[in-house]
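Colleague: One structure follows; several queries about it will come next.
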Amino acid sequence: MTAVVQSPAEDSAPKVAKPAPPPGQPFGVRLAIGLLGVLLAAMMSGLNSRLPSLGQADFLGAMGFSKDQGSWITTWYQAGELMAMPFACWLSVTFSLRRFQIIAQIGVITIAVFLPFIQNAELFMGLRFVQGYFAGSLVPILMMSALRFLPLSIRLHGLALYAMTATLAPNVAVWLAAVFLDRMHDWRWLYWHVIPLGLVSISFVYYGIPKLPQMRSRLKEANYFGAVCAIFGIIALTITLTQGIRLDWLDSNFIRGTMMIASGLLVLFLWSEYHHPTPFMRLQLLSRRNLGLGFTLFFVLLIVLASGVSFPLQLLGQTQGFRMEQLASIGLWVGLPQIVLGSVVAFLLYQSWVDARVLFSIGLACIGSACLLASNVTSEWMTAQFVTAQVLQAIGQPMAVVCLLFLATSVVQPMEGPFVSGIINTLRALGTMVGGVLIGQIMVVRNQFHFEDLLAHWNTASIYETQTSTTAEWASELTKQAGILTGEDIFTILGVAAFVMIPLVMCLVYIPAPKVVKPA
């Protein structure tokens, strides 16, 4: 038997939280199986969000929905997902973790069964909204469970598993989309894939997670005013972000209205949470440097992580016309190594000679270098040309995410775990959404700029050059080259952002590595 102690911090470092006491439920095989079920549920949530987006063109064609209707389907799912984040941990404590987790999974599975048969677009949107809420509830529970049930000697490995929901599931989803669309030729599995995963997860959770008493007395103390403000504010914010590019932002009266509603309601929500005696998220925790600054870095990091797989897929799909099967290798290059690398990073963090801030910085340097390498993209690049950049992404992503989670959670008391989980997962969902919107907006602006610049050069080209190709061929080539130049711009911006974060990482409070020692 071993005991875990925290090595003393440097005298100059602010005092950090004391280690958590041993969990009430002894950690053993049964509890490990239960936590595996919670992990599978969180992975299922990530896949359920990513796969339908990757296969949206096939799905819309099969269902007869328009592109605009498809954009609203995505909007409503993301609204439900983000809406769940602030409240999931509070609800899981109130109604017991096992009960709430299983109910959420049943909701995801049940809706998935019927979705491919829904021919009405509005009904489809409504069901995806509800499914998004259930699926969004599953990810915060994973972090809360890791902090609650895992002994300190292996807790960092639990945080590495949580990090895989951001580094593994979204990337492996590309390969799964290729399997469903180009090999099985059945788009319905974009939604049905949650059924086998969910059934296995439910059985694991039911068997392994301890049955805890409900705490319904908390219902009398809840911040209902804040909850109402948050629900409608989050819906308005999601609509603003996801529909802003399509409706041209402030040129649309509708977007101006949703922006004003979101701003007002979310300010009221944050104000009420800050002053409420029993909030859903304890915002005062953000005054601790490793939480306030750390979560700000996490938000920016999520935007930068779009450079790993999402944007290369988008770029190659636009410029080369590739389908999922041709792009699957990009996702696997980044995704599969996460199964091992996350635990390797956790192992390093247990070594007394390792400074998590330095390891975090090395991870950011790898990500930034990958972006700058990819900024050399040309019209001749295929998936093979991205290999070096993807390898650097695969190494850098777990180093950055796991180290950040360690630095943040080490200043948290055990009873504060649900509050921290709610905050970080809300930022996680919002950061991913903002990253997609930001890249989309840059693509629109820079693509137009480069196209007009290339068009000006084409207009001054020699008569011979213009006569050797038709106008349509020239227009197609100009569009492709504008897309390539835009890709260079975006990779450069994201790479610079990664390097700019490094000095800020070194401003975080030093956290000494936990040590496992044998008692005398």
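Numbering starts at 1 and runs along the chain as displayed.
Glycine residues also receive a Cβ, built from the backbone N, Cα and C atoms like all the rest.
As annotated by TrEMBL, domain 'Major facilitator superfamily (MFS) profile' applies to 34-515. Sequence annotations record features per position, and here TrEMBL assigns region 'Disordered' to 1-21. Look at TrEMBL and you will find 100-118, 130-147, 159-178, 190-209, 221-242, 254-271, 291-310, 330-350, 357-375, 395-415, 427-445, 490-511 (among others) tagged as transmembrane segment.
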Colleague: Looking at 100-118, 221-242, 291-310, 330-350, 357-375, which one has the highest count of Cβ pairs under 8 angstroms to the transmembrane segment (159-178)?
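Modeller: Result: 330-350.
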Colleague: Pairs 6 or more apart in sequence, C-beta under 8 angstroms, 3 or more of them: is that satisfied by the transmembrane segment (395-415) and the transmembrane segment (190-209)?
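Modeller: Answer no, regions not in contact.
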Colleague: Do the transmembrane segment (357-375) and the transmembrane segment (254-271) share at least 3 Cβ pairs under 8 Å, sequence separation 6 or more?
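Modeller: No; fewer than 3 Cβ pairs under 8 Å.
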Colleague: So, does the transmembrane segment (190-209) come close enough to the transmembrane segment (100-118) to give 3+ Cβ pairs below 8 Å, pairs being at least 6 apart in sequence?
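Modeller: Between the transmembrane segment (190-209) and the transmembrane segment (100-118), which are separate recorded stretches, there is contact, as judged by 3 or more close Cβ pairs.
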Colleague: Checking distant contacts: for the transmembrane segment (190-209), what same-chain residues at least six beyond its ends satisfy Cβ-Cβ under 8 A?
Modeller: 30-38, 40-41, 43-44, 47-48, 51-52, 54-55, 59, 97-98, 101-102, 105-106, 108-109, 112-113, 115-116, 145, 176-177, 180-181
Colleague: Short question: most Cβ pairs under 8 Å with the transmembrane segment (254-271), which of 221-242, 427-445, 490-511?
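Modeller: Comparing 221-242, 427-445, 490-511: 221-242 has the most Cβ pairs near the transmembrane segment (254-271).
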Colleague: I need to check the long-range neighbours of the transmembrane segment (427-445): which residues 6 or more away from its ends have a CB within less than 8 Å of a CB in the stretch?
Modeller: 78, 81-82, 85, 136, 139, 166, 238, 241-242, 244-245, 295, 298-306, 310-311, 314, 486, 489-490, 493
